[in-house]
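Asker: Got these off TrEMBL a minute ago, pasting:
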- 76: active site (ACT_SITE)
- 149: active site (ACT_SITE)
- 73, 113, 162, 359, 363, 370: heme binding site (BINDING)
- 1-25: compositional bias 'Basic and acidic residues' (COMPBIAS)
- 520-531: compositional bias 'Polar residues' (COMPBIAS)
- 29-417: domain 'Catalase core' (DOMAIN)
- 1-33: region 'Disordered' (REGION)
- 511-539: region 'Disordered' (REGION)
Ligand code: HDD
């Protein structure tokens with residue numbers, strides 16, 4: 001009876017192939033297949049007369065257009081996705097029977113959608129926000145969805161508060177402002193009055209919420225899930241995605257400017273990387289806690305506002321995901337993909353985390369309105385790569401043609417099939433946790449410490465990271481109009497750290513907190529981005545160049561940068577070619593108008609002996625801005641003139657003519673990402 005299908009990395013791609021259509025070079029037809037003879041003019045009674053009702057081509061074209069839009073996601077509306085594969089490093093048999101976590105030779109196809117949370121579908125991408133990180137594994141046993149964020153904890157402990165949180169975060173209802181931002185009264189009013197949010201707010205105010213790239217952020221399953229093995233033994237598990245390029249962020253001023261200069265900054269980065277063959281990679285890690293140890297921690301493992309410090313519960317790296325294929329059509333794939341934390345496979349189960357429990361309801365419910373009915377699982381992107389059979393029938397847009405007379409269970413006419421199968425044959429059996437209790441609406445005592453881990457997060461930050469958090473609070477609360485809300489937030493965060501609360505109270509003109517402070521001294525070095533992987537790979541360097549540059553030297557530097565995986569892009573006052581010595585000519589990629597320093601990771605000033613005052617002025621603006629965003633700056637030859645005197649001896653600024661030495665130091669500076677020890681006024 002079983003129709004087991006071998007899944008490999010290409011299974012999903014093969015399945016999607018039957019739905020792909022190439023329209024290019026084909027005659028135009030109506031949706032009924034009728035060839036169309038004219039597509040510019042509607043059918044009219046006379047050249048200047050009214051359009052005729054019988055113009056079925058006009059009606060069909062217009063009706064389809066009128067219905068092109070579907071509701072955007074209530075949260076995570078702005079997203080971008082890619083296909084890829086997951087490979088396992090070692091069997092996880094000891095902990096889980098999940099099929100895709102058994103055999104390291106099996107590659108599982110995946111589809112990953114990254115998103116911002118608050119903004120609408122057309123909003124900018126570098127706003128301050130959590131990022132969604134949702135992965136669909138198309139496994140032999142059905143789809144498994146890991147629907148996480150780039151922050152390991154959440155604002156609230158119980159799903160019943162999610163509509164309130166989202167109402168407070170979204171643009172305010174009376175004037176629909178501000179777009180894609182938490183810097184407004186209702187959000188902070190919610191925070192001050194729902195203090196379980198303290199820990200996640202610390203993350204949201206940190207550099208984590210302005211990532212440099214989707215490729216340079218972590219992902220977390222957030223909740224505690226359960227791994228269950230063949231013997232029925234369970235472990236609590238938390239999931240982590242660790243980016244191979246390390247965790248890196250923008251600075252706030254830069255992030256805001258990018259929002260205007262390139263609102264598609266993150267999707268462009270992901271798209272281009274995949275097109276260039278620089279496939280984004282993330283390692284999958286798990287933290288495991290034995291069921292017997294459930295109560296051995298100073299937090300409740302069911303509380304989604306708590307993380308498990310990596311120093312206490314190490315992250316075991318078990319596999320790697322590689323994103324290697326862009327979508328063919330954003331609407332068909334990225335927009336119509338339907339994730340659900342309840343899409344599990346045997347061996348992965350839920351816990352009683354009250355946030356998770358509520359999510360298990362919400363996701364199907366939202367797809368029903370968003371995708372228009374109960375058949376969204378039939379959309380190509382959502383279809384499992386294994387067979388699926390049941391007695392569910394009909395509904396809007398049904399595609400499957402279920403043959404036969406029988407659509408009910410139990411039956412005799414179809415030999416009682418499709419039939420449930422035993423656990424041994426792959427049937428999902430819920431973990432048989434013993435549950436007992438009174439029906440109550442209340443919060444467990446063990447969920448009531450809202451501040452210890454928020455303080456631990458603060459304690460774990462480097463000095464620059466702490467300063468960024470203070471600046472973020474000062475910005476966000478500086479945008480809040482209600483003095484009372486501002487003060488409530490100051491008083492709330494005094495419980496996290498007194499210096500922090502005093503610093504932003506001062507910046508926003510609130511009364512410094514009179515009491516508060518925290519006894520917590522614990523820190524978790526793994527939380528600081530200071531300790532992350534630092535590599536030069538795929539960093540974009542803006543090369544400012546004009547006519548009459550030193551051809552051989554510059555070419556040698558550019559070749560060395562490329563050899564390290566760095567991507568130099570040339571900027572000048574005009575497009576076209578610039579000429580250097582030794583007949584070396586280079587093609588310009590951007591002008592000062594179309595390229596901006598905020599769009600690059602580093603700047604290399606080459607200049608040229610034949611550049612005018614306007615060139616110098618534009619170039620200096622570029623350089624100064626990059627400097628103020630702590631970016632690596634290199635300058636050789638004529639380019640040295642473009643570096644202001646007071647920048648020259650600063651960290652991360654490399655100014656010299658010796659090509660080999662310059663290149664080595666500049667690459668080191670690029671690997672460091674940013675130079676926080678630089679004095680910027
Ligand atoms: Fe959610 C979408 C992540 C709590 C209800 N959520 C959504 C997406 C991500 C998350 C990444 C976008 C998926 C995609 O790209 O299509 N959500 C989280 C995380 C949470 C969380 C990490 C806390 C740990 N969410 C949460 C709660 C509820 C929801 C408590 C409601 C009870 N989330 C939704 C939703 C969305 C959604 C309304 C909107 C669009 C969708 O589901 O498909 O159902």
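Each Cβ is built from the backbone N, Cα and C atoms, and glycine gets one as well.
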Asker: Name the residue among the recorded positions 76, 359, 370 whose Cβ has the smallest number of other Cβ atoms within 10 Å.
Answerer: 370
Asker: Please give the maximum pairwise Cα distance, in Å and rounded to a whole number, for the heme-binding set 73, 113, 162, 359, 363, 370.
Answerer: 21
Asker: Across all chains shown, how many C-beta atoms besides its own are within 10 angstroms of the C-beta of residue 113 (heme binding site)?
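Answerer: For residue 113 (heme binding site), the 10 Å Cβ neighbour count is 24.
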Asker: What is the separation, in Å, between the Cα atoms of residue 113 (heme binding site) and residue 76 (active site)?
Answerer: 10
Asker: Helix, strand, coil: count each for the residues of the region 'Disordered' (511-539), based on DSSP.
Answerer: 6 helix, 0 strand, 23 coil
Asker: Enumerate same-chain residues with a sequence separation of six or more from residue 363 (heme binding site) and a Cβ-Cβ distance below 8 A; give 'none' if the list is empty.
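Answerer: In sequence order, the residues whose Cβ lies under 8 Å from that of residue 363 (heme binding site) (at least 6 apart) are 147, 338, 339, 340, 341, 342.
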Asker: When DSSP is mapped onto helix/strand/coil, what comes out for residue 73 (heme binding site)?
Answerer: coil
Asker: According to DSSP, which kind of secondary structure is residue 359 (heme binding site) found in, if we only use helix, strand and coil?
Answerer: helix
Asker: Round to the nearest Å and give the CA-to-CA distance linking residue 359 (heme binding site) with residue 76 (active site).
Answerer: 14
